[in-house]
Ligand code: NAP
Ligand code: MN
């Protein structure tokens, strides 16, 4: 089996990377940056996002696992104390794989019919540097509302605990193949009206955002923001592709939510 390790780059993460690389090669696994079967991220959820985007072109052939060197992560859910166990588990391959849904974003620009397609593991955020965004929001080909406000966030189920949560979105179990649309400070008065609640869209219910006033947007796909001009439309839907996680121990999603946001102690009395 071929593996690659992506480190956050700090001393602690680099040390863990070196240890894992050494032991796994001793177990006859092959270090291969180009076509790894397993990508190990060492750092935080941010490092995991980076690792995901580095291998986003070959998701079908890649499984991911994350070791956290900071606080507990949603993607990076192995601790440095468990390193030995993880190394042995990896060396014992084949491993179990769990798949989570992704968000597909297609940005179409006015000039030259340019089209950019992205996959997001957490979310897409659409904002502007000048004033409010104004979009006609179509859902499944029908006009739903005209949105005015700071912006919109469209998240995946596994990204629902990230930016989406800060916007008051719901936490969604990743076994559900959906995307969630949350508002960032919408303007609501007698003239402008939006739904005001997060919307959860199933597969094939495409959401299309069509700019009404400004056409320049800051579009963030996970941790990476790009400035787009002359935007004609931004299409969001559940992607056909999925992300594959290598699972070596059970760590249910709701336990991760509890341990990250409620309490790490077992608070039953
Ligand atoms: P960052 O500023 O380090 O990320 C902000 C925090 O979000 C970090 O604590 C990060 O964990 C955590 N995070 C990332 N993905 C998560 C997930 N799926 N569930 C729960 N927490 C998650 O920036 P970054 O590390 O490059 O990560 C980019 C992501 O951060 C974006 O996709 C966005 O969702 C999120 N973010 C959230 C807020 C907010 O909640 N107000 C603001 C900005 C960005 P680590 O420390 O382990 O990296
Ligand atoms: Mn981070």
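The chain as shown is numbered from 1 upward.
Backbone N, Cα and C define each Cβ position, glycine as well.
Automatic prediction, not curation, is the source of TrEMBL annotations.
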Out of 18, 91, 185, which does TrEMBL tie to the same NAD(+) site as 45, 46, 122, 123, 148, 150? 185
Of the binding-site residues listed here (123, 150, 185), which is spatially closest to residue 45 (active site, proton acceptor) when Cα positions are compared? 123
In which DSSP state, out of helix, strand and coil, do we find residue 148 (NAD(+) binding site)? strand
Rounded to a whole angstrom, what is the largest C-alpha distance between any two of the residues 45, 46, 122, 123, 148, 150, 185 that the record assigns to NAD(+)? 31
Mapped onto three states, the DSSP assignment of residue 123 (NAD(+) binding site) reads strand
